[in-house]
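Chemist: Please find one structure pasted underneath; my questions will follow.
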Ligand SMILES: Cc1cc2nc3c(=O)[nH]c(=O)nc-3n(C[C@H](O)[C@H](O)[C@H](O)COP(=O)(O)OP(=O)(O)OC[C@H]3O[C@@H](n4cnc5c(N)ncnc54)[C@H](O)[C@@H]3O)c2cc1C
């Protein structure tokens, strides 16, 4: 067993932990990162399958995600625009595929009007929220008492409009049924992306991709950290903590440090044995943050055949098995890749089937929108983060009904030398790589201020790097 002494030990080499370690190291602090898996990147992960680039985890970046943009600019990593040209397809309640253009779904005018009314309401509520402090929203307590499902129906009698608007946050983002999380949690999701309007605009929220891969961002940060910093295959299952510091016990490495950053998803905090145990508040809070569940479907074809029919590959079906589909062909590849999503209860049903039946059902789900050619991909792969011990769901964690208002205010408090950093605790960029980066930088800034006995600027949003801020102050 190797023993190390460092200023800070980071548990988890996803984008949040690695960004924190990078900032700490640039500020002259010594760090070690202990990672359970045999790779860095966490919920960002890429493999090449039969010559096609498959982004198994997080991949898109939107224009407001300036925390992530500033990191990739610093690393010299570029982006490319997702393929967006052509018409979209909507699968209606009767299972008919309707080709349409523009922002509005091809539904009755009255339903479009009701959807726009609900979207305006969500925009108003999101504009009143500071995503870092959703529990301070003027209606926070009231909004956290009602499920998003019932909130929508409180404001509209149009079932289809409620279903369609619900899809954007429920299946589309939190990947939980809309009756299991609150309206406050839904408003946070919108506010974290700037507005509900941004969330429902797929050309905004799924704007661009990383040249290379999203996991490549973490790989590059790990390379910049250099040798002897990141230790793979080192799950931390025991953490001793006391006034002056911590001892983190990995599989082959033990690290004594002044501070520790838990850069793991909140649903995994209880996987670690704390000595002494964490305080009551954290014991209770951590039980109310749970992972959503979504299957990311990847199907690669000889060509992007839908483009020949003037289709963008973008498809929506609030009642369909595969609720949304996009053209996910990597820039320059001659093959055509579709990505689709199957959320929550529908994902449960898919995992109940045997492999052959599941493949047939999912491909039928793609073909319902794009025709028979979708039935015969050369690569077919389902992202299964729920089966991954060190994630246990997808995309991310959120509070159950009433949890955000009750437990949220303390979620980012440190417990002595223990700090928490995750995309799932972020305001801006919540549940996204951008939020992971912002949280990593903000947590590093808090720790540096404590170690150096300087003050920490609460309003720091994690966009500028700490070195950039230092350079400004000294200029
Ligand atoms: C299928 C999918 C699609 C997504 N799509 C997008 C997208 O398009 N755009 C976007 O911005 N975001 C997307 N996301 C979300 C994004 O990937 C996450 O928000 C981001 O990766 C979170 O970063 P993190 O560092 O906070 O946590 P993670 O990425 O989860 O990293 C945490 C790390 O901690 C490690 N770990 C856990 N427990 C321990 C332990 N006890 N000891 C040591 N190590 C441990 C894990 O192995 C992991 O490497 C997606 C996520 C999924 C799953």
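First residue shown is number 1, and so on along the chain.
Quick reminder: no glycine exception, Cβ is built from N, Cα and C everywhere.
Just lifted these from TrEMBL, have a look:
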- 16, 35, 36, 236: FAD binding site (BINDING)
- 16-448: domain 'Amine oxidase' (DOMAIN)
- 341: substrate binding site (BINDING)
Chemist: Just how many other Cβ atoms lie inside 10 Å of the Cβ on residue 35 (FAD binding site)?
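Modeler: Excluding its own Cβ, the number within 10 Å is 29.
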Chemist: My understanding is the cutoff is Cβ-Cβ under 8 Å with a sequence separation of 6 or more in the same chain; which residues meet that for residue 36 (FAD binding site)?
Modeler: 12, 233, 234, 235, 236, 389, 390
Chemist: May I ask which of the binding-site residues 16, 35, 36, 236, 341 have a CB within less than 6 Å of any atom of ligand 1, listed in sequence order?
Modeler: 16, 35, 36, 236
Chemist: Do me a favour and check the Cα-Cα span between residue 35 (FAD binding site) and residue 341 (substrate binding site); whole Å is fine.
Modeler: 28
Chemist: Under 8 Å between C-beta atoms and at least six apart in sequence, can you list the same-chain neighbours of residue 16 (FAD binding site), or say none if there are none?
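Modeler: Residues satisfying the criterion: 42, 263, 421, 422, 423, 436, 437, 439, 440, 443.
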Chemist: So, three-state DSSP: helix, strand or coil for residue 35 (FAD binding site)?
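Modeler: Going by the DSSP assignment, residue 35 (FAD binding site) belongs to neither helix nor strand, so it counts as coil.
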Chemist: Among the binding-site residues 236, 341, which residue has its Cβ surrounded by the fewest other Cβ atoms within 10 Å?
Modeler: 341
Chemist: FAD site residues 16, 35, 36, 236: biggest Cα-Cα distance, Å?
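Modeler: Spelled out: the longest distance between any two Cα atoms in 16, 35, 36, 236 is 17 Å.
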